[in-house]
Structures are given as structure tokens and as C-alpha cells.
Amino acid sequence: MATITCTRFTEEYQLFEELGKGAFSVVRRCVKVLAGQEYAAKIINTKKLSARDHQKLEREARICRLLKHPNIVRLHDSISEEGHHYLIFDLVTGGELFEDIVAREYYSEADASHCIQQILEAVLHCHQMGVVHRDLKPENLLLASKLKGAAVKLADFGLAIEVEGEQQAWFGFAGTPGYLSPEVLRKDPYGKPVDLWACGVILYILLVGYPPFWDEDQHRLYQQIKAGAYDFPSPEWDTVTPEAKDLINKMLTINPSKRITAAEALKHPWISHRSTVASCMHRQETVDCLKKFNARRKLKGAILTTMLATRNFSGGKSGGNKKSDGVKESSESTNTTIEDEDTKVRKQEIIKVTEQLIEAISNGDFESYTKMCDPGMTAFEPEALGNLVEGLDFHRFYFENLWSRNSKPVHTTILNPHIHLMGDESACIAYIRITQYLDAGGIPRTAQSEETRVWHRRDGKWQIVHFHRSGAPSVLPH
């Protein structure tokens, strides 16, 4: 039976000029022929996508379908055809909010208040729908049209995640350096408050035209953010009302549990009583500074695009959605989205849980060991004499009779760990384990084993489902 290929996009829409470009996607203006309605089509080349990238695409489409709000770019349709996927969005023609501000003849604190109010309305809707954007920044704040007073629209949900209520978890290292929250940089569990931190950074820029945290060196930038090291320098901040500074302070609160929420921020007097609280004085210095800030952003974006194009052209394998490991470390990437959850951070996590498991074994701590093992775990190990062991009873015997008696110090070293990441929830680690210990006569000894462990993550917790260990069997002391 022949496979039926969907051609709905090709039949219903006509494509026009390019509006933007990513590593695996291009955005083009399109028209729904029968209705004569204009849209923006994000066209993803699915032939180049990994299984993980396919998952991310499905997640983005699912999230965008959920969100229906006047301050969010609306997804109207999602169509999959042979080799390409089409996401049909509102056509927003007003360009970036920050570019529009610098072209205005008049711009005041009250205007900044109105801008951040619309951004917060969008964020509140996301949070009410169980969505965290994770990449709020000027590039993703657009205007519906070029008309005066056009609505601000939040765009690009490529990094957005779905959360349950106020759930905090480690969803991976993702975002844009200058807008990352302290909890993400600390690699702590995080959730909705990361969006409010980014709103604080955006509001700061809206008021003076430069960011609260800035350093060409990314490591120093991250240290500033983790310490919450920003201030309100003279003279530019002298003309900003105390209420505006108060809202920034509440957004840029290091502790996410004490940070203001979107709903609370919308009730803040600087927003809810804008006409009487926010200053209406024209801020020419802010406009001038913002022009330089925009120019720097565009230059860095152009440099990064060139670097990525050179890398891809020279046959290097692209890291997916505008992201590249090599570029991430560059000081040029301060306004570029990064998503590091695929590689170094996740591999370090696997090494860490493996070290914790071995520590539990060395300490004879069966309770901790059981928490890190699936109840149906399988194993090949020297003590089982070539048999496949299932469950934890076989291992319990050695904890109770070997390690509990051996109170002498044990020192373990993991050598040459190799990690294979298998999707989001599974990983395999292979390494050599060197164990130093004192024998019954108090003489130092060294044992070596070669080990492979397969980890699986359930409900955010890593557990061993299988391991294979070679080397000499453990011997009970006489």
C-alpha cells in the first residue's frame, strides 16, 4: 500500500520573501490562498533533525497551540509534509520593540511601564498555562504592526518547557547568558521564577538603555549574576522613580522563592497606577544608550551567524537550533540563546550520580544504594560466576557480610569515564574503578574492576537498571 504524503501546506499556502533564519529553519511570509490572509511560516527541515530535535519541535508546537493571548505571537496551524514541518504564526510586522523605542521622538518611564506590563501579561498567561518561556530577551519582543501603540508580542517558544504548578526541577542549562537567573547558573532546580528574573533584566534596560549585568568574559558575567551584583548608578538612575527601582529589586531577587510573581508584578503601583506613579519625563539618554545597545546586539548576532555558517560549511556537524558548543564559551555570545543540556552538564550529572553510588558501596550503605537502583536491576558481576543476577537480594548479602565487617578505610577512583547519552532519560557510563583498601593484616592493597552502568531517570531521579562488572570477585575476610 502506498504511503500517503501530506501536501496540505503546499496546496493551501503560497510562500513569499524570507523574514528570518535559524540553523534548521527559515521564516517566510506566506498567504493562505483562499482566505487571502497573511501569516509567517516557520519552515523546519526535518531531514536534518535528530530524534531529540524532533521531540523539541513537537514540544514547541504543543506549547504554542496552548497559548492564546493578545501579547503572544499566535500559532494558527502546524503541518507536517515530507522533509519539512510548517508552523504557521501571526505575521507581526512592527519589528523588535527595542528598535521601535529608539525611533520614537518621545520615550518616558510611563512608556517603559506600559511595555513591561504587556510582557508581564504574556508571561502570566504562559505561567497560568503551565509554560515557562526560558528565553525572554529583546530579540523575542516584537510589535504587532508599525502603527503607534501597537501591541507587544512575545515570540520564539523554542526553549519553552511545560511544568506542573509551581514545580521546580533541573530542566537543563538553557537561555541567553545576560538574562540567565542565578538558580540556572547554580544548576539548581528551577521553574516559573526564571522568567521574572529575565523580566527584571529587560525592565532595567528599558529604563536606562544598558543591562544590569555585563562583562565581556562570560565566567565573570555569571559570577555577577549569581551574586546579584547590580546597582543604580548616577546620574542616569537619579531621574528614575523609587517605585521603578523597587520593582526591579523585586524581580532581580536572588532567591527564586522570594522573587515577585507575574501576577504580583502586575499589581505593583508602578504598573497598576502608572499615570500617577511613573514619570512622564522624556529619557533622551536612555534612547541614546539603547541605540548603542541595539547596535552591539546586532553586531554580535552577525558575528555569531558568520561563525556558525563557517562551521557548518566546513563540514562540522551543527549543534542544532542556532546553538553550537564552541560558540557558547565565546564572549560574543552574551545575547545568543544557548542550550547546554545535551552535552557537558548532563554528562557531569551522570559522573556525579555514579560517584554517589560507589560512595554508598564503599560505606556499606545499603539504604542509599537501594534508592539509586531500580528494584528489578540486572547485573553481570564476578561474584555471580557468569550468571545474570536480578533484583537487590544478591547484593544485600555482600553489604551485610563484607562491607559491614570491613570498617577499614576504602578509597575509590574512577578512571577514564565514557558516557553515552541515550535520549533525555537514559545514559550509559563505562569506566575503570580503582579501589584502595587495607587488608586483614593492615597492609594497603589495590583492586581494579572494569564497569559499565546503565542509568535511567524516573520522576527526575536517576536509577541503575543494569550493570556489568569484571575483575576479581570480592572476598570475605577470614
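A Cβ is built for glycine as well, from the same backbone N, Cα and C atoms used for every other residue.
Taken verbatim from Swiss-Prot:
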MOD_RES   Y13  phosphotyrosine
DOMAIN    13-271  domain 'Protein kinase'
BINDING   L19, G20, K21, G22, A23, F24, S25, V26, V27, K42  ATP binding site
ACT_SITE  D135  active site, proton acceptor
MOD_RES   S257  phosphoserine
MOD_RES   T286  phosphothreonine
COMPBIAS  322-331  compositional bias 'Basic and acidic residues'
MOD_RES   S330  phosphoserine
MOD_RES   S331  phosphoserine
MOD_RES   S333  phosphoserine
MOD_RES   T336  phosphothreonine
MOD_RES   T337  phosphothreonine
MOD_RES   S404  phosphoserine
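Distribution of Swiss-Prot features across the structure.
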residue	record	DSSP (3 states)
Y13	phosphotyrosine	strand
L19	ATP binding site	strand
S25	ATP binding site	strand
D135	active site, proton acceptor	coil
S257	phosphoserine	coil
T286	phosphothreonine	helix
Candidate with sparsest Cβ neighbourhood (10 Å radius) among S25, T286, the listed recorded positions:
S25
On a count of neighbouring CB atoms within 10 A, which of the recorded positions L19, K21, V27, D135, S257 is highest?
D135
Confidence summary (mean pLDDT) of the domain 'Protein kinase' (13-271):
92
Roughly how many Å separate the Cα of S257 (phosphoserine) from that of D135 (active site, proton acceptor), to the nearest whole number?
20
Please report how many Å separate the Cα atom of S25 (ATP binding site) from that of the residue listed as 'active site, proton acceptor', as a whole number.
18
When you measure from the Cβ of Y13 (phosphotyrosine), how many other Cβ atoms are you left with inside 10 Å?
21
Where L19 (ATP binding site) and D135 (active site, proton acceptor) are concerned, what is their Cα separation in Å, rounded?
20
Write down the Cα-Cα distance for D135 (active site, proton acceptor) and V27 (ATP binding site), rounded and given in Å.
19
K21 (ATP binding site) versus recorded positions Y13, D135, T286 - nearest by Cα:
D135
